[in-house]
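Enquirer: Features from TrEMBL:
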DOMAIN    127-397  domain 'NADH:quinone oxidoreductase/Mrp antiporter transmembrane'
TRANSMEM  6-30  transmembrane segment
TRANSMEM  42-61  transmembrane segment
TRANSMEM  81-98  transmembrane segment
TRANSMEM  110-127  transmembrane segment
TRANSMEM  162-188  transmembrane segment
TRANSMEM  213-233  transmembrane segment
TRANSMEM  245-263  transmembrane segment
TRANSMEM  304-326  transmembrane segment
TRANSMEM  415-435  transmembrane segment
TRANSMEM  447-468  transmembrane segment
TRANSMEM  488-506  transmembrane segment
TRANSMEM  576-600  transmembrane segment
Amino acid sequence: MSDGGMASALLQGFSLLFVVGLPAILAAGYAYRPWRELMGRLAPWAALPALLLAMLAPSGITAELSWLLLGSQLGMDETARVFLFFTALLWFLAGFYARAYVQDDHRDRFFALYLITMSGNLGLILAQDMLSFFLGFATMSFASYGLIVHHPDAEARFAARIYMILVVVGEVLLFAAMVWAAFAAMVWGEGSGNYLLLQDTTRALAQAPGREFILALFLVGFGIKVGALPLHVSLPLIYKAAPAPASAVLSGAMIKAGLLGWMRFLPLGVADFPAWGAGCIAIGLAAAFYGVLVGLTQRHPKTVLAYSSISQMGLMTVAIGCGLAAPSSWPMVSLVVGMYALHHALAKGVLFLGVGVAATRIDTAWQRGLVGLGLLLPALALAGAPYTSGAAAKVSLKAAAAMAPSAWFELLETLLPLSAVGTTLLMGRFIMLVWPRPASHSSRLTPGLWVPWVLLLLGTSISVFVWPWPGELTPIVDAFSSKLAWKAFWPVGVGAFIVLAVWGGSRWIGWRSDWQIPAGDILVPVNRLIEVMSRAGGVTVGRSLTEGLAQVTSKWAAVTAQPPWHAMLSRSEQSLASWSVAGMLFLFLAAALLACLITLSA
């Protein structure tokens with residue numbers, strides 16, 4: 001290699017490693033007390049190198065780090081560029097927002113964990129091998145526990161506990177899948193010879209004998225992070241419990257890590273998996289409507305946004321299903337997924353930060369109107385209103401649906417516009433709950449809150465349209481076509497009409513419904529099932545969930561009019577936490593892993 005080539009390789013390696021390492025270095029600075037104030041000031045800037053890399057660096061840069069783990073490789077392709085851009089932008093602006101928002105005694109702890117979580121999130125996006133991805137994914141998932149439980153009340157502790165249970169389950173499934181995938185690459189791979197590289201693993205996985213089982217592990221393991229049905233139960237709990245800037249990165253950036261995991265690990269575009277594709281399409285459509293139906297019964301704006309995320313991620317799951325069912329469509333579908341992820345991440349980030357802005361004291365009516373308008377614009381974009389990023393994303397999604405098997409295409413052509421009606425209803429519910437009102441007890445709105453929020457709002461409005469998408473992604477132009485404006489308008493118009501009718505009825509006629517499904521929805525029956533199974537197995541069940549579940553189950557008990565639910569739910573967690581159950585689960589997983597390894601090596 002020439003001196004120039006070596007210098008270029010060193011520069012690429014340093015820039016990629018610096019993007020991931022800077023947040024971790026700043027987090028380590030919190031260990032020295034005199035530096036904590038400085039680290040807090042620098043924390044938001046830790047995402048700036050990643051943002052600049054996404055906007056300025058060429059695609060295809062890589063760095064081989066033979067000294068890290070078993071030989072790591074970082075790099076940036078077009079998919080990583082899109083994900084790195086919106087992820088870094090969210091962490092950057094949410095960090096400045098958090099500087100003004102988080103003012104309590106746990107501020108230093110919040111920013112230390114904020115930086116560690118950011119490092120893991122950025123690292124998994126740039127990872128080109130399985131171990132680096134797993135390290136970043138695990139770091140992000142475990143460190144974010146501290147963001148969720150920042151306000152350590154009973155509700156936050158319960159939400160964080162449910163989240164951590166699902167994180168551990170997901171990490172176990174993913175680790176097992178990666179072990180089998182690496183073995184498949186070692187035996188059936190035909191690439192570079194490095195059986196940990198993602199590009200070699202996916203090709204080998206397509207022809208491995210145990211591919212169906214490995215595929216299932218990846219789908220479920222990353223599905224927990226995506227919030228796929230029925231693995232979504234932690235999202236409404238943690239988004240409500242976390243501070244607004246943490247909720248913004250949880251819903252905008254971190255949830256997309258599961259989506260990126262599917263794109264990196266599934267053999268998309270390599271082989272067809274019609275059964276798994278049909279399953280993803282069906283589950284995605286179910287999530288799209290289930291999130292709307294349950295979200296409409298919620299009374300907290302952040303919980304409504306959580307169910308909106310479940311619904312929107314369902315649509316992205318549909319796109320993944322199209323890629324599994326029709327591998328030839330994956331080059332186009334991958335672009336669509338990237339566009340939809342960019343649109344959803346920024347719009348949802350604006351809305352979560354807007355919840356914090358709307359909760360402040362805003363003295364004049366015109367200022368409250370401006371804040372309301374700032375909330376209304378991204379809400380309309382999520383619904384897919386004409387001439388918004390949402391319209392471009394939904395037109396692109398329809399283009400991806402056209403590549404699905406014919407039976408699914410006919411169904412998707414009908415259901416996708418109906419899902420837009422549902423999203424409009426959900427956003428209407430959100431606007432009703434969050435619209436700024438005169439308040440004397442709140443803190444005053446400061447530039448530290450509204451400036452990052454407005455900047456992110458501007459980014460949301462223009463990013464999809466100014467991003468250098470490949471020329472074949474014509475739906476962006478079509479989003480501004482008058483021919484397609486009606487197709488984008490009528491679902492939003494129908495939804496808006498229903499919202500206005502309900503709002504008018506509640507205001508002038510007195511329509512009101514007190515019926516509500518508690519956040520976490522199916523978590524309550526699942527706890528009931530756990531209790532029954534524990535009793536059947538003779539396991540002694542304690543009452544350790546009483547404190548954490550009190551706020552959640554009180555609403556459910558009101559719906560069901562069965563006070564014994566409280567006592568029943570309080571006995572569920574300790575059955576999972578007891579050593580007898582934990583030990584049996586560990587032995588079962590170890591035996592299953594050993595059996596599968598023996599089967600694969602036979």
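Heads up, the Cβ atoms here are built off N, Cα and C, so glycines get one too.
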Enquirer: With Cβ-Cβ distances below 8 Å as the criterion, list the same-chain residues six or more beyond the ends of the transmembrane segment (6-30) that contact it, or say none.
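Expert: Cβ under 8 Å, 6 or more out: 36, 38-39, 42-43, 46-47, 49-50, 53, 57, 61-65, 74-76, 108, 111-113, 115-116, 118-119, 122-123, 126, 136.
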Enquirer: Under an 8 Å Cβ to Cβ limit, what residues of the same chain, 6 or more beyond the ends of the transmembrane segment (488-506), are close to it?
Expert: 380, 383-386, 391, 394-395, 417-418, 420-425, 428-429, 432, 479, 512
Enquirer: Would you kindly list the residues that approach the transmembrane segment (42-61) from elsewhere in its chain, counting only those six or more residues past its ends and only Cβ-Cβ distances under 8 Å?
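Expert: Same-chain contacts beyond the flanks: 12, 15-16, 18-19, 22-23, 26, 75-78, 81-82, 84-85, 87-89, 91-93, 95-96, 98-99, 111, 114-115, 118, 122.
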